[in-house]
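As given in Swiss-Prot:
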type	residues	note
ACT_SITE	ASP9	active site
ACT_SITE	GLU70	active site
ACT_SITE	ASP143	active site
BINDING	ASP9, ASP143	Mg(2+) 1 binding site
BINDING	GLU70	Mg(2+) 2 binding site
COMPBIAS	163-176	compositional bias 'Polar residues'
COMPBIAS	182-192	compositional bias 'Basic and acidic residues'
REGION	161-192	region 'Disordered'
Amino acid sequence: MTLRVLGVDPGLTRCGIGVVDVERNRRATMVAVGVVGTSPDESLDQRLLVIATAIDEWLDRYEPQVLAVERVFSQLNVSTVMGVAQASGVVIAAAARRGIPVALHTPSEVKAAVTGSGSSNKDAVTKLVTKILRLDAPPRPADAADALALAITHAWRAGSGASVATTGPGSSSLTPAQRAWAEAEAKARRAR
C-alpha cells in the first residue's frame, strides 16, 4: 500500500508544498513540489487567501491521505512567527474541512529523520531529499525541499504502518538515516 503525504513548510512570503508517495518498504517518490509566494506589499487577508486557495487546489488535485506541517517554533522575530502561524492555520483548516488528518513535526524531527542528525543544515536536508527521492536536481528553493522532507518524515515516522525497509537495515540502497531508523526499529521489535 502506498501512502500519499502532502508536506507543507508554512510561511507567509514563501510556503513550500510537496507531495510524496511512500511505499511500505519506505521507498519514496516525489509526485509534485512547489512554492506559493505572496508579496509583503499585499494585505494580510489577501496573502492568506492566496495560500488558502493554493492549498485547496493541491488538496483537490493530489488527494493526500495526510498532511505533514512544520510545527511553529519560537523565533526572535515575532512577526515571522506570526506569519508562519497564520499560514499554518490556513493549511490546517483546509485539511480539517476535508477530514484529512494533519501531523505536526518540528524542524529537528525532520532533520533527524532525513539526515540522521537533528542539527543538520538546510543544505544537508536538500541533498538527502534529492537522494531519497532519486531526483536529477535538488528541489529549489529550500522551502520546497523542506516540504518534501516533511512528507518523507511523516511517512517514515508514523504514516505507513509498515515495519521499515524490507531490504533490511544493512542495505546499501538506504541512506544512513534510513539505516539508523531501520536498525532502531528492528532493535525495538526484538526487545518486545
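Residue numbers in this text run from 1 along the chain shown.
Using N, Cα and C of the backbone, Cβ positions are placed for all residues, glycine too.
In the shown protein chains, 25 other C-beta atoms lie within 10 A of the C-beta of ASP143 (active site). Under the DSSP three-state reduction, ASP143 (active site) is assigned to helix.
Counting only residues at least six positions away in the same chain, the Cβ atoms of CYS15, GLY16, ILE17, GLU70, ASP143, ALA144, ASP146, ALA147, LEU150 sit under 8 Å from the Cβ of ASP9 (active site). Other Cβ atoms within 10 Å of the Cβ of GLU70 (active site), summed over all protein chains shown, number 26.
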